[in-house]
Amino acid sequence: MEVEMDSMAAAIGVSVPVLRFLLCFVATIPFSFLCRFVPHGLPKNLYSAAVGVILSYLSFGLSSNLHFLIPMSLGYASMLLYRRRCGILTFFLGFGYLIGCHVYYMSGDAWKEGGIDATGALMVLTLKVISCAFNYNDGLLKEERLRESQKKNRLVKLPSLIEYIGYCLCCGTHFAGPVYEMKDYLDWAEGKGLWSTEAKGRSASPFGATLRAILQAGFCMGLYLYLVPYFPLSRFNDPIYQDWGFWKRLGYQYMSGFTARWKYYFIWSISEASVIISGLGFSGWTETTPPKPRWDRAKNVDIIGVEFAKSAVVLPLVWNIQVSTWLRHYVYDRLVQNGKKPGFFQLLATQTISAIWHGLYPGYIIFFVQSALMIAGSRVIYRWQQAVPPAIKNVLVLINFAYTLLVLNYSCIGFMVLSLHETLASFKSVYFVGTIVPIAMILLGSIIKPGKPVRSKARKEQ
């Protein structure tokens, strides 16, 4: 068996641990399909938990399940023993343990060299544990003090232990997401809410959407395998890269970022297929005629939305969608004081938490600080767009698109190479253009303040 794994891994150019993970990851699709036939309630919770444990063991070994057990135990104990502060307590305990694992394993180096360990799955699991604790904490508060998302996701009753484990490990969704709420999981497992026969009135077939996600995954992996030999990250340390002119180096940075993204598109397409086929990804019906099922809960990326983003502001809405939603609900919104508007502090704090969640590499920190600058600069351009006549507005839309394309692909080099030296060297090779431009936009925004948005004559008459 080991010999066969070695030959298979060599044939597709990956290590044996990565091949083992990929096989288990793809296996989440048939296991999730079988989950459709498991009765609601305790059987579905048991099945979800058992499949998650088995796939984790086959992917990473016994140690992975022991690692997962620690934040899960800390979160459940916090809810059980200290409900009034269980959210913030679990946040610091969960992140503390995750940071410890990041420091010990330094997983970024392994991922960069084609290795794998359980830290990536632990990252997803940490977010699930924290959101569950916050929602149980919110169950104590009066509804008038809560935001709409808090009202929707609050937990009045403590989930049972088997419900909690099923939620955390559901059919391997902790491998790469998507992150979802305990309230939604409980409704799905018990056949309530959106998943009750009475509520939906008709059956939402997942098969078309699942097939689309699988075909998308195949395309993404094929394109990634085709492009990656032409745009390796090692080229940034190659003397030939330094001999190129400014525009060629900038173009190579764009293609490196573009190539790397298809790997993530592949992973998220597989996880999307798994969550859709289980039924958990169902999120209601469209208002079209005839109505079509929506699978937004399973969606982690909008590929077209990322590659053709008209503004950096929309990137969190189309890239790693469920994690971005988590950051908004459990970091960004909760840092805003009642009666006050969010500002750059909330944005920077949220991006910093996101960087720490990914790992304590300088490249991650730099990327997410850059992201905060990128979004802030894009907001300035957007405000100008709203305050000028349509003819000039179209020019500013194009400028915002070009700005987003430039700064995103410049910034993501740090996310890929991770080390401080390589990140700064790549930035320096293009004269820090992707840092200077956002800062210049922010400064110009404080000087050139737009007036009120221009409205059409017809709208004024209304």
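FYI, residue positions are counted from 1 along the chain as it appears here.
Every residue, even glycine, has its Cβ placed from backbone N, Cα and C.
The transmembrane segment feature in TrEMBL is assigned to 12-34, 46-74, 86-106, 118-137, 158-177, 213-233, 264-285, 361-382, 394-418, 430-448.
Below 8 A, the CB atoms of the transmembrane segment (264-285) and the transmembrane segment (12-34) form 3+ pairs separated by six or more positions in the chain. Spatially, the transmembrane segment (430-448) is not adjacent to the transmembrane segment (46-74); fewer than three Cβ-Cβ distances between them are under 8 Å for residues at least 6 apart in sequence. Using a Cβ-Cβ cut-off under 8 Å and counting only residues 6 or more beyond its ends in the same chain, the transmembrane segment (158-177) has close neighbours at 21, 24-25, 27-28, 31-32, 35, 42, 44-49, 51-53, 55-56, 59, 68, 72, 76, 79-80, 120-121, 124-125, 128-129, 132, 136, 185-186, 189, 267-268, 270-271, 274-275, 278, 280, 300, 320, 322-323.
Sequence-distant contacts of the transmembrane segment (361-382), counting only residues of its own chain at least 6 positions beyond either end whose CB sits under 8 Å from a CB of the stretch, comprise 108, 311-313, 315-316, 344, 347-348, 351-352, 354-355, 396, 399-400, 403-404, 407-408, 410-420, 422-423, 434-435, 437-442, 444-445. The largest share of C-beta pairs under 8 angstroms with the transmembrane segment (86-106) comes from 118-137, of the ranges 46-74, 118-137, 394-418.
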